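What TrEMBL lists as transmembrane segment is 27-49, 61-80, 100-122, 142-165, 198-227, 239-262, 274-294. Positions annotated as domain 'G-protein coupled receptors family 1 profile' by TrEMBL: 43-294.
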Amino acid sequence: MSPINLTSSTPATFILTGIPGMEQLHVWISIPFCSMYLAALLGNGVLLFTIWTERSLHQPMYLFLCMLAVADLTLSTTAVPKMLALFWFRAREISFGACLTQMFFLHFTCSAESVILLAMALDRFVAICFPLRYGAVLTPSAVAKTGLAALLRSFCIIFPCIFLLRRLPFCGHNVIAHTYCEHIGIARLACADISVNVWYGLVVPFTVVVLDLVLIAVSYGFILLALSRLPSGSARHKALHTCGSHVCVLFLFYVPAAFTALTQRFGHGIPPEVHILLANLYVLFPPLLNPIVYGVRTQQIRDKVVKVLVCPRSHVLRR
């Protein structure tokens, strides 16, 4: 018999199984997932519309918040519609190209969010430690360059994953025990050594994210030092309050991301359905809660949302 040509064994489609062992509950699970997704679309949409229409919010802090909202919408929209189609219509097939595309945008968006959160921490650092230089440092050009840097860095980190996957032979294995495509989940189907994929997928993003976290921690170290020197307690409380929303968002993003990444690679004792449920919630919770955190804790956003959504209706009723 002639040897099998492994290089030509890329599958035309992959099969997404959903949540293994919970297939009979897919429809019920889809109800809260769909509700959270729609709420995330609404919350981030209202946030973007409010900041876009109110010129008083065209400041670096709120522009970075717009970038975060766009990233959140991209993250959830990349995964959730296909997930719901799987739950509702058993649309389990996804083409090889579509699977790689979904994988790319999921990891790309997560990497971009890390840069945006770092930029938001630096924004608070400049605003609190160097308030007189805030306008000169965080110009519209600097904000735009920061957004471009987030895109370029994320692209350079994640794009090699596509080539690392395309070089692998799959030998007919095409069933992914998940609700969406991600790098290591695809690589594990290959009938070849995937150590390069494992190490690249772990070391490179992990190193970059740790660097972001170190810079964020340094920024907040200087912020706390500056706050300790403020003579006024009310000024100190106000400055801490403006940082509180960002700290909440940091925990919402980094803690689930770290847990999901580490359990996927090292959590062999964790049941697969638990891991997949947590991975699904990761693409839903930050997009759902981020606009709520900023909307509840930031007075300017609350006031402008009421002005944009309520005042026009009142004006129409008076007429």
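Heads up, the Cβ atoms here are built off N, Cα and C, so glycines get one too.
Note: TrEMBL annotation is automatic and uncurated.
Counting same-chain residues at least six beyond the ends of the transmembrane segment (239-262), those with a Cβ under 8 angstroms from any Cβ of the stretch are 68, 110, 113-114, 117, 120-121, 124, 127-128, 202, 205-206, 209, 213, 216, 220, 223, 227, 230, 275, 278-279, 281-282, 285-286, 289-290, 293-294, 297-298.
For the transmembrane segment (61-80), the list of distant contacts is 33-34, 37, 40-41, 44-45, 47-48, 51-52, 102, 105-106, 109-110, 112-113, 116-117, 119-120, 123-124, 127, 140, 143, 146-147, 150, 179-180, 249, 280, 283-284, 286-287, 290-291, 294, 300-301: same-chain residues at least six beyond its ends, Cβ to Cβ under 8 Å. Across 27-49, 198-227, 274-294, the stretch most heavily in contact with the transmembrane segment (100-122), judged by Cβ pairs under 8 Å, is 198-227.
Counting same-chain residues at least six beyond the ends of the transmembrane segment (198-227), those with a Cβ under 8 angstroms from any Cβ of the stretch are 107, 111, 114-115, 117-118, 121-122, 124-125, 128-129, 153, 157, 160-161, 164, 183-184, 187, 236, 239-240, 243, 247, 250, 254, 257, 261, 265. Sequence-distant contacts of the transmembrane segment (142-165) (same chain, at least 6 residues past either end, Cβ-Cβ under 8 Å): 60, 63-64, 67, 100, 103-104, 107-109, 111-112, 115-116, 119, 183, 186-187, 196-197, 200-201, 204-205, 208. As a whole-number mean, the pLDDT of the domain 'G-protein coupled receptors family 1 profile' (43-294) in this prediction is 91.
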